[in-house]
Amino acid sequence: MRKTLLLLLSLCLVHLLHAEDGYNLWLRYKRIDNNNLLLTSYRKTITAIQIKGHSPTMEAVRKELELGLNGLLDTHIPTKDTTTNTLIAGTREALNLEDKPTGPEGFLIISKVINGKHYTIITANTETGVLYGAFHFLRLIQTHQPIENLHITSSPRVKLRLLNHWDNLNRYVERGYAGISIWNWHTLPDYIDDRYIDYARANASIGINGAVLNNVNANATILTGPYLQKVAALANILRPYGIKVYLSARFSAPMEIGHLKTADPLNDTVRQWWQAKAKEIYQLIPDFGGFLVKANSEGQPGPQNYGRTHADGANMLAEAVAPFGGIIIWRAFVYDPQANDRFKQAYNEFTPLDGKFRKNVLVQVKNGPIDFQPREPFSPLFGAMPQTPLMMEFQLTQEYLGQGTHLVYEAPLFKEVLDADTYAKGPNSTIAKVIDGSLYDHTLSGIAGVSNIGNERNWTGHLFGQANWYALGRLAWDHTLSSEQIATEWIGQTFSNDPAVVTSIKQIMLASREAVVNYMTPLGLHHIMGNGHHYGPAPWSNKAPRPDWDPIYYHKADAKGIGFDRTATGTNALQQYQPAVRQLYADSNTCSDQYLLWFHHVSWQHKMHSGRTLWNELCHKYQEGVDTVSAMQHKWEQLKGYIDPERFHQVQMLLAIQHKEAIWWRNVCLLYFQTFSGMPFPANYEQPDHTLEYYQQQHFPYAPGN
Ligand code: BDP
């Protein structure tokens, strides 16, 4: 009987679901479904809204609370003065409260009874803090949490929580798989697309407080007068939402747009040029965040062109923006084709510069030593530059994780890195503590995510890409949240709070990162993708313009075995870690399987922890990756009828592509590595349906994002 009722109920639910295109992200604000008791109690607790203040930020608070509550509670909630059961939002100053929220961005949400009347109060030291509190309050309702007897204090653990857009001025997004850039430079500054506002809302809702608008492979034109007007227009839109704009600066800009003969950072005219440029920018954008710089990396100009160091370059810019409160984010993503191991380059170049950067410089380090691979050991720079605030760079756009078509929830990857122990100051010197500044008492701290946003209707192309954007913001705010908590929140807001739906989608999401590792680069393989576009597997590739772009440089497969010896008998990259970390990886018999081929060249017969030979383990892992994707597909199929047909079908089709491509990766890699191992595929392995030659002849000249 109960079952039939439930079935009937869910059938009704299907009819209630209507077209969804993903545009509203996790801010859908649909009526609380399927839980009338909860709806009634919410309606009782909030019968009016009162906003203290009329600034653009307080207007944003008002609009969001009205939009959110009217939608979620499916009733008109008036904005009016004191009555019982009122939601009040305002700064502590405006409310004259004794309760103390923490910090400039933290907030406090409390339920209070004053003179017998019930209030829910959202307050903070600043208006931006109130906005964050408002979004948090809406999230409570969106995820069906109680809103009575609240006493919630929250403040961000990391100061700079940024998106890095790799967007070019012609709107092509480098490594972008979700359409073209959302910044329409041609129609700016006069035309303000609604999307800019929705972008600001989405970011503010997860605490992101800065956006680098243009590609790190920068074009100096962005620093010219007309473009700065356009940047200023965007800054005006984002400002009420607590978001500052930053720009990627091209180091040679003084030559390209300033017509100087040099960009030498120690040259006085060059320094003055940057100082004048900074002044010009701050006149237009008083709260401009600062510059992000990729220098002397992959052909970009930089201080080394003039025999100067990264610190010389960063400090020159830091000096220019310092009078205005600006900061410089200098990237540590550098590598040299001459070096015997790309892994070691950033550490070698940057550790000697520790202590040499000005106070307003952060060094931004990619999570791993190579390049956003499905799994990397952490970059040895973390914990190795105590005097310099290090900023984390994660990649939301899935350049190496299946690009626009694979469902990969990245929070487990982010957490794995943040939770890793550097042992820099003894045990429990986690990367999270390096990044949030607590390990070395830095006041500047930051996390950046390379954006996965484009102008596709649902922003990220793959609907589940939204979860990675969401996770970045939430973890930058509070890195102690678990991947599972974040997934639960996101699913509740994006799809449904029905426990069965949440559980299934969560299982899919939480399995997806390990799946991509397994079907692409198990056991510590890395960088074996196609050259240039980085789409699909090409482990045989050996003709790139530089050896360190070639897969063969990384896997080093030969008749004896496979893997990169980075121990003392090899390049000794391991030396860059603290002894306690080194110890984890140094011995091929005790090194965990996940990192084995990152650090060891081991024989095909090598005995793995499972008891299998390395070759059999490799086959096993590739197969496991494919099997996990099948399981993800199967789980998704069971959600039919519980999710609106539009989004259901979209994800269903993408999962089919992911499955096909997982098989492609498995077949290609195993057929190729078999030419070295000479060993047969084990019995449980599905035989490839094509030859290696067939796969080698495939070309993808128009693969996106290159
Ligand atoms: C690599 C990308 C390249 C970026 C570079 C970077 O392939 O497009 O420019 O990283 O981070 O992964 O600078």
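Each residue, glycine too, has its Cβ placed from N, Cα and C.
Annotated in TrEMBL:
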- Glu298: active site, proton donor (ACT_SITE)
- Asp371: active site, proton acceptor (ACT_SITE)
- Glu399: active site, proton acceptor (ACT_SITE)
- 25-137: domain 'Alpha glucuronidase N-terminal' (DOMAIN)
- 141-459: domain 'Glycosyl hydrolase family 67 catalytic' (DOMAIN)
- 460-685: domain 'Glycosyl hydrolase family 67 C-terminal' (DOMAIN)
In the chain carrying Glu298 (active site, proton donor), residues 6 or more apart in sequence that have Cβ under 8 angstroms from it: Asn217
Cβ neighbours within the same chain of Asp371 (active site, proton acceptor) - under 8 Å, at least six residues apart: Phe333, Tyr400, His527
Glu399 (active site, proton acceptor): tally of other CB atoms within 10 A of its CB: 24
Mean per-residue pLDDT computed across the domain 'Glycosyl hydrolase family 67 catalytic' (141-459): 98
Tally of residues which DSSP labels helix, strand or coil - the domain 'Alpha glucuronidase N-terminal' (25-137): 42 helix, 27 strand, 44 coil
Helix, strand or coil at the residue listed as 'active site, proton donor' [DSSP, three-state]: coil
Helix, strand or coil at Asp371 (active site, proton acceptor) [DSSP, three-state]: coil
